[in-house]
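Data first, discussion second: the structure below is written as structure tokens.
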Amino acid sequence: MNFKNTFFWFTALLSLLLDHLTKLWVVKNFALTVPPQTIPLWPGVFHLTYVTNTGAAFSLFSQGGEWLRWLSLGVSVGLMALAILGPNFNRWEQAGYGFLLGGAAGNGIDRFVAGRVVDFLDFRLIGFPIFNLADVFINIGIICLLIAAWGPLPSRRRAERRPSSPPPSDKLP
């Protein structure tokens, strides 16, 4: 049996593992308090702050976001089916879909197990909502898929369009 899209599976498992381990570390080492416990890594710019979120990114749908667990499950199953039943993807596509799966599964597991997602990355410089590695991986996945959709870089496309030189001739003029 030929196992295809191996980079997809590697990316998905690695991103899921990193997301899970960082959330586990936060839960074990921080108290869930009001106001939230925070550790400034770069004061005023970047902190680790333990909060939970029952909604989606930026706390959207935090009221009645029960359906988000099923959306996470559906996206995860769909991406796995695509990797198994679909074509062999290029590296950018495999990375993109893998990061999407890792992020969707990471937040989905939180939603099924605890009913909420653990967030802890607090970028305060621009007042950004607190997020987690799963959110980062989902965004990286989207960027990878955009790169894949745009195809080769323009310089590479020009080289591919350039007509090849005729083969050298044995006859001299």
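Glycine is no exception: its Cβ is also placed from the backbone N, Cα and C atoms.
Copied over from Swiss-Prot:
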| type | residues | note |
| --- | --- | --- |
| ACT_SITE | Asp119 | active site |
| ACT_SITE | Asp135 | active site |
| TRANSMEM | 7-27 | transmembrane segment |
| TRANSMEM | 41-61 | transmembrane segment |
| TRANSMEM | 70-90 | transmembrane segment |
| TRANSMEM | 95-115 | transmembrane segment |
| TRANSMEM | 130-150 | transmembrane segment |
Active-site residues listed as Asp119, Asp135, least Cβ neighbours within 10 Å: Asp135
The transmembrane segment (7-27) versus listed stretches 70-90, 95-115, 130-150: most Cβ pairs under 8 Å: 95-115
Asp119 (active site) versus Asp135 (active site) - Cα distance in angstrom: 9
